[in-house]
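Asks: Here's the feature list from TrEMBL:
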type	residues	note
TRANSMEM	17-36	transmembrane segment
TRANSMEM	56-74	transmembrane segment
TRANSMEM	86-106	transmembrane segment
TRANSMEM	112-132	transmembrane segment
TRANSMEM	144-165	transmembrane segment
TRANSMEM	185-206	transmembrane segment
TRANSMEM	264-283	transmembrane segment
TRANSMEM	295-315	transmembrane segment
TRANSMEM	327-346	transmembrane segment
TRANSMEM	352-376	transmembrane segment
TRANSMEM	388-411	transmembrane segment
Amino acid sequence: MGDTYENQPPEKLQGKYPAMVVCCILGIGSLVAWNSMLTIADYYYQVFPDYHPSRVLTLVYQPFALGTIVILTYHESKMNTRKRNLIGYTLFTISTFLLIVLDLATKGRGGVGPYIGLCTVVASFGLADATVQGGMIGDLSLMCPELVQSFMAGLAVAGALTSALRLTTKAAFEKSNGGQRKGAMIFLAISTFIEFLCVLLYAYVFPKLPIVKYYRRKAASEGSKTVSADLAAAGIQNTSDLTDDDSKNQRLTNKELLLQNIDYAVNLFLIYVCTLSIFPGFLYENTGKHGLGDWYALVLVAMYNCWDLVGRYTPLLKWLKIENRKLITIAVLSRYLLIPAFYFTAKYGDQGYMIMLISVLGLTNGHLTVCIMTIAPKGYKGPEQNALGNLLVIFLLGGIFAGVALDWLWLIGKKDAF
């Protein structure tokens, strides 16, 4: 069993497409809980109208996510990736279920106490997110680019799925008594099920796929110790490749990896600073009143999520994929023109222009993220690819945190903003 796949090229291994499907589902699971929070923000605005839920909850979430990923990345080379990812998905499952329990216990009433409870659960989402995203992207970075792309696409599928479900539940329960609350609870129940499914898939299905075993054996032969538990779970007991030979285990340090890829890291940071300074807080609080009424913000969020999903698949077309590092930087910096465009559209434009702008924001966010995540790990050994994946996630989450903080600037000069 130990040598079955050792000499086979990965493209001839069975299991590539099932692995891509499983990676996509695992990507959904790593973000569906948080996207659930964002997408039912209209319900939380009804329960906590004075507490800016979409902005505050995001600001609570991000420090925990960023702090956790920094700590885990520092210890990445010695961590059990299997245990790390299973803990993350389990924490997601429990936390999402606790949102339902919290709402039932408080009977959907607002107040400071329930809001603190909500913020506590959101903080646990941040811990789980850093645990899973860093672990999964690091693990998949040492495999073929299609698996990283599928996982990143799954993040966007989570957004599109939650938006579709939210629009459906809002339409179904809009005229019933407590309709928003019923829709939100159904929403959270579905999210809890998806998280539990991810625990099962990662524990029992993913490690046994042939292409996954191939790349993990390859990483082990290059000195990676993070894949040992996954190989054991796949039934590979031959650990002859896991060596303590220093000549085999030599790899670039995290500092060296970062210096070689600093442009990729900074670009990821800038992508999410731009995106999160607009999405979702600006959409819920700064777009004014329009003909769509309280559907307007939901439609804008749905359009962002759908085009973000499209953008994560466009790099599969080679003529659309940007591989030149300078071109990536130019594209990233060009997105900042969207910030004044959103400001003037909210002030003077109509719904059509706003929908067009949010579509461009989502499309470029997804496309550029996947371009960077699939190109950066090329040419490195397995342990280095794993470390680089974790380093890139630090900058991604750092960009989200900075964007969320800057999102508050839209409130300057607005009456009753605080």
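Here the Cβ of each residue, glycine as well, is placed from N, Cα and C on the backbone.
Note that the structure is a prediction, hence the values are computed from the model and not measured.
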Asks: With an 8 Å cut-off on Cβ pairs and a sequence gap of 6 or more, do the transmembrane segment (352-376) and the transmembrane segment (144-165) reach 3 or more such pairs?
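Replies: Between the transmembrane segment (352-376) and the transmembrane segment (144-165), contact is present.
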Asks: Under a Cβ pair cut-off of under 8 Å, which of the recorded stretches 56-74, 86-106, 185-206, 327-346 contacts the transmembrane segment (17-36) most often?
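Replies: Of the candidates 56-74, 86-106, 185-206, 327-346, 185-206 scores highest.
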Asks: Given a Cβ distance threshold of under 8 angstroms, which distant residues of the chain, six or more beyond its ends, lie next to the transmembrane segment (388-411)?
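Replies: Hits for the transmembrane segment (388-411): 55, 58-59, 62-63, 65-66, 69-70, 72-73, 76, 129-130, 133-134, 137-142, 148, 254, 257-258, 261, 264-266, 268-278, 281-282, 285-286, 369, 372-373, 376-377, 380, 417-418.
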Asks: For the transmembrane segment (264-283) and the transmembrane segment (327-346), decide whether they are in contact, meaning at least 3 CB pairs lie under 8 A, counting pairs 6 or more apart in sequence.
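Replies: These two stretches do touch.
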Asks: Under 8 Å between C-beta atoms and at least six residues away from its ends: which parts of the chain pack against the transmembrane segment (327-346)?
Replies: 263-264, 267, 270-271, 274, 277-278, 282, 286-288, 353-354, 357, 360-361, 364, 368, 371-372
